[in-house]
């Protein structure tokens, strides 16, 4: 049955990460182990921050939200990918593909904006410490959280609307293990040049500008702390270094995927695997391992429940 936009395809066939059964089995085992070790760690971070009265600073409020966003993000692709590894035919419905694409960019866009907010928080804390409690009050934190969720929604809905307007009449094979903009657009049976430009502008340019802006903000912060006392300098350096690592994890693959014309490269699938499965689970853990207050609080929570 043909829809209003001329689409006759009702499902897409996912070609998967690789055609080699041995590599599929290896990746399946590694991702499964990684998933069930790191994911509970993210939920432990959320529980620790929510239950410890000493972790009420905006930094921990945003860290808890980062753990929630990344845990949610990991549910979009990883579970289905693990199931598809065990399936002979990897099929996703047209509506399921659009839904996956929407949540991928909704949560991904929200996380990118959250990292911008966290950079702003660190800038005020380090460069304007006397104004910190005034600027980063609870109402302002919740307002920023609302803005980043709305920003992620607007970013994602633009992608979905543009794709829904495209006709899909065959073929229906997606050369990937999940639905994303570059692969889906290429299957449209019409000229997609203008749509690709709009997508690159919406995803690629936004990703690149956020990345460059974040690097510039942390460069300013690092310059400001050069004259600080040794202890304060070391603590600020540790926090900023952690943020910069996560920024590269978050924005590096995004820049590679979305800031160029939508044509396939050999490294696309590997970059997508890290971008959608590995890095989202690692980000909060990296923050936590370099934050002494959260680590100490997690030990107290763990010991309390064990005892």
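Even glycines carry a Cβ here, placed using N, Cα and C.
Here is what TrEMBL says about this protein:
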type: TRANSMEM; residues: 23-47; note: transmembrane segment
type: DOMAIN; residues: 41-287; note: domain 'G-protein coupled receptors family 1 profile'
type: TRANSMEM; residues: 59-78; note: transmembrane segment
type: TRANSMEM; residues: 98-120; note: transmembrane segment
type: TRANSMEM; residues: 141-164; note: transmembrane segment
type: TRANSMEM; residues: 205-225; note: transmembrane segment
type: TRANSMEM; residues: 237-258; note: transmembrane segment
type: TRANSMEM; residues: 270-289; note: transmembrane segment
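Same-chain residues lying 6+ beyond the ends of the transmembrane segment (59-78) with a Cβ under 8 Å from its Cβ atoms: 31, 35, 39, 42-43, 45-46, 49-50, 100, 103-104, 107-108, 110-111, 114-115, 117-118, 121-122, 125, 141, 145, 177-178, 239, 276-277, 280-281, 283-284, 287-288, 291, 293-294. The stretches the transmembrane segment (98-120) and the transmembrane segment (23-47) do not meet in space: the count of Cβ pairs below 8 angstroms, excluding pairs fewer than 6 apart in sequence, stays at fewer than three. Within the same chain, residues 109, 112-113, 115-116, 119-120, 122-123, 126-127, 155, 232-233, 236-237, 240, 243-244, 247, 251, 254-255, 258-259 sit at least 6 positions outside the transmembrane segment (205-225) and bring their C-beta atoms closer than 8 Å to a C-beta of that stretch. Listed as Cβ neighbours of the transmembrane segment (141-164) (distance under 8 Å, sequence separation of 6 or more from its ends, same chain) are residues 5, 58, 61-62, 65, 98, 101-114, 116-117, 120, 181, 184-185, 195, 198-199, 202-203, 206. Of the two recorded stretches, the transmembrane segment (237-258) lies close to the transmembrane segment (270-289), with three or more CB pairs under 8 Å once pairs fewer than 6 apart in sequence are set aside.
On the 0 to 100 pLDDT scale, the model's mean across the domain 'G-protein coupled receptors family 1 profile' (41-287) is 86.
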